[in-house]
Amino acid sequence: MRVPVTLSTSLCVVLLVFAGVVTCSPVERNPRRRSQSKSLCAQLIQPSGYPCSEHSVQTKDGYVLALQRVSAHTGGDIKAIPGPPILLQHGLFQGGDTWFVNSKEQSLGFILADHGFDVWVGNVRGTHWSHGHISFSEKDKEFWDWSWQELALYDLAEMITYVYSITNSKIFYVGHSQGTIMALAAFTHPYIVEMVEAAALLCPISYLGRVSSQFVLRMVNLHLDQVLLAMGVHQLNFRSDIGVQLLDSVCDGHMDCSNLLSAITGKNCCFNESRVDFYLEYEPHPSSSKNLNHLFQMIRKGTFAKYDYGWWGNLKQYGRHQPPAFDLRRIPKSLPLWMGYGGNDALADLKDVKQTLKELQSEPELLYLDHYGHIDFILSVTAREEVYNNLIGFFRSSGMFST
Ligand SMILES: *[C@@H]1O[C@H](CO)[C@@H](O)[C@H](O)[C@H]1NC(C)=O
């Protein structure tokens, strides 16, 4: 089946999550589309009545990242007590907006602010909100020369250090999908993890060897990551022509792409289809082809390791022929962890999650939802009752709340 040039709404849904698309006509027509100049605070958070301030941090390798700080709704029912800082880290092809795109009652970012947390919103390099660099522009291939390894060791390390120093407090962490890969890699470093009080991981990923998504496996088998890099495509932007062609080549005659959302992420129980146009005003965000390549290396090799530059490249980069692995056993047993994962998640597969659990020293609190898919954990219309109340209970039990 060929993907038509004007993509259907259900196809567009997919893009949000993993593949992104390009010519979703509702996006182009929508006058409220994400503005090029307005900040995330001004565009999405302040209009809902929440005080929000923009912050920026610079990474060791020169990227300028935006962070937003959100506090309790001034007119809300729940009393605004000054709470501990909490950093929210989005997943692949998403940005900090992802925590605020449902209603105030449904979105984790707003809910945490209502509960008195001092909410900080991370945005990794390359996303719409964090596209600055001290010497490169997005047009330079050097700008896109990174994978989740740099997101973990530079972006996340810098954001955590910044929030820690401004608030003078250890911080809580919430990550989704790629935001959990970043955390699990970064937390193996003592100087980072010592600034973290406790962490909640939605769709936790370290190993990807058992990914069951047919769509992703087909991309891996077609070596689309290597093809992109060989073609000199360094920025992975599904709002471009190449993004459309990529999807087309995956679907063409080989698989039923009529329900791409399920094909990519697994079946999501509680996704609000009538909100897709609004989601598409913000997402998908760009990432790098090298990042896709690194993720596909993990699928091919079943490892949780640094980027594989090949035999000689590794020797030059790491002084050895194989890239060093991230050792989950180095995450201190004393770090309280909570994990939410779903039976229909085709990306964070149950067998891979079990492998992660086996290697961690600590025993995380677990919330398993049989009917949840990969994006239900951030966008489900019932996530508040099914996931977030439990997650907030976990943080509250840590004792950092004075009341
Ligand atoms: C789904 O989204 C629509 C459009 O934004 C909204 O009116 C509706 O209330 C949402 N449904 C649920 C169950 O939240």
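A Cβ is built for glycine as well, from the same backbone N, Cα and C atoms used for every other residue.
Copied over from TrEMBL:
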SIGNAL    1-24  signal peptide
DOMAIN    42-102  domain 'Partial AB-hydrolase lipase'
ACT_SITE  Ser177  active site, nucleophile
ACT_SITE  Asp345  active site, charge relay system
ACT_SITE  His374  active site, charge relay system
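Listed in sequence order, the residues of the same chain lying 6 or more apart from Asp345 (active site, charge relay system) and placing their CB within less than 8 Å of its CB are Cys203, Thr265, Gly266, Tyr372, Gly373, His374. His374 (active site, charge relay system) has a Cβ environment of 29 other Cβ atoms inside 10 Å. Helix, strand and coil content of the domain 'Partial AB-hydrolase lipase' (42-102), in residues and according to DSSP, is 11 helix, 20 strand, 30 coil. On the 0 to 100 pLDDT scale, the domain 'Partial AB-hydrolase lipase' (42-102) averages 89 in this prediction. A C-beta separation below 8 Å, combined with a sequence spacing of at least six in one chain, links Ser177 (active site, nucleophile) to Gly91, Leu92, Leu202, Cys203, Ile205, Leu347, Ala348, His374. Annotation note: His374 (active site, charge relay system) sits in a coil segment as assigned by DSSP.
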